[in-house]
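Chemist: According to Swiss-Prot, the protein has these features:
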| type | residues | note |
| --- | --- | --- |
| BINDING | 36, 37, 38, 39, 40, 62, 81 | acyl-CoA binding site |
| DOMAIN | 6-94 | domain 'ACB' |
| REPEAT | 200-229 | repeat 'ANK 1' |
| REPEAT | 233-263 | repeat 'ANK 2' |
């Protein structure tokens with residue numbers, strides 16, 4: 001098949017999976033991830049989002065699968081997607097004529113932003129309806145194997161909403177919005193706040209490590225932030241830095257004489273236990 005025919009068949013395969021998710025309920029998790037990551041690679045290209053935090057297990061799995069395809073050409077990802085659909089449902093395309101694609105399924109930046117905007121508006125509308133009906137509203141069933149295009153966030157939506165409504169605007173807030181000048185001012189006003197924790201046990205340093213803000217992390221450490229502090233899940237700043245693949249921050253933390261790499265979280269895991277195939281080689285080298 002020509003590239004144009006592959007592109008068209010890919011689009012049909014995506015439609016087939018989306019419209020027949022009920023019939024394909026026995027698909028294994030790894031097969032779902034395979035479809036997901038190849039869809040993302042085929043329509044967007046290389047992973048362009050930051051790794052989700054450790055506590056977003058589903059998001060992290062999806063991110064890892066997509067990121068593992070870095071460098072794979074879009075047309076190759078399309079073929080991979082089609083091949084698995086063929087294996088899962090032989091003959092699905094027996095009555096379909098593969099013709100030249102009339103509309104590209106590739107997404108440019110403008111289209112991607114427009115889809116994100118639309119998804120956000122739909123989410124806000126659904127939330128509004130829920131509030132008006134006291135939460136008694138039927139939510140649409142998810143068909144995640146289809147074209148799910150929302151970007152991942154390092155912090156879950158609920159936490160972000162809390163931050164937006166945070167009238168206190170404490171040190172953790174200013175770190176989360178990457179305002180280093182305000183962080184400096186807050187520390188100058190009261191150094192005692194540097195190790196204060198939020199309701200989930202996160203300090204300002206943990207926030208900086210989660211979001212990859214190196215300069216802020218460095219500033220916090222220089223001003224006495226505890227590099228071995230544990231949040232509500234027992235995770236240390238180093239746990240966060242490894243999970244979120246933040247090489248410079250990992251290096252910064254490991255350069256501290258007081259760092260303890262052997263601290264276990266509540267699941268009995270030390271930071272290096274989170275190193276997997278998706279972890280950058282630079283980070284892997286730090287723990288050899």
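Cβ atoms here come from the backbone N, Cα and C positions, even for glycine.
Not measured: the values here are computed from a predicted model.
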Chemist: Just how many other Cβ atoms lie inside 10 Å of the Cβ on residue 81 (acyl-CoA binding site)?
Modeler: 25
Chemist: Quick one: which residues besides 36, 37, 38, 39, 40, 62, 81 have a Cβ within 8 Å of the acyl-CoA site's Cβ centroid, in sequence order?
Modeler: 33, 34, 35, 41, 42, 65, 66, 69, 77
Chemist: Other than its close neighbours in sequence, what residues sit by the repeat 'ANK 2' (233-263), given a CB gap under 8 Å and a spacing of at least six beyond its ends?
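Modeler: 50-51, 53-55, 60, 154, 201, 203, 205-206, 208-212, 214, 217-218, 221, 227, 269-272, 274-275, 278-280, 282-283, 286-287.
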Chemist: State the non-local partners of the repeat 'ANK 1' (200-229) in its own chain: residues 6+ outside its ends, Cβ under 8 Å from one of its Cβ atoms.
Modeler: 50, 53, 154-155, 159, 171-172, 175-176, 178, 180, 183-184, 187, 191, 194, 235-238, 240-241, 244, 246, 248-249, 252-253, 256, 258-260, 263
Chemist: CB neighbours of residue 39 (acyl-CoA binding site) within 10 A?
Modeler: 25
Chemist: Among the binding-site residues listed here, 36, 38, 40, 62, whose Cβ has the fewest other Cβ atoms inside 10 Å?
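Modeler: Result for the binding-site residues 36, 38, 40, 62: minimum number of other Cβ atoms within 10 Å at 36.
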Chemist: Give me the count of other Cβ atoms within 10 A of the Cβ belonging to residue 37 (acyl-CoA binding site).
Modeler: 24
Chemist: By DSSP, how many residues in the repeat 'ANK 1' (200-229) are helix, how many strand, and how many coil?
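Modeler: Helix/strand/coil tally for the repeat 'ANK 1' (200-229): 17 helix, 0 strand, 13 coil.
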Chemist: Given the acyl-CoA binding site residues 36, 37, 38, 39, 40, 62, 81 in the record, what is the largest Cα to Cα distance, rounded to whole Å?
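Modeler: Output for acyl-CoA binders 36, 37, 38, 39, 40, 62, 81: max Cα distance 15 Å.
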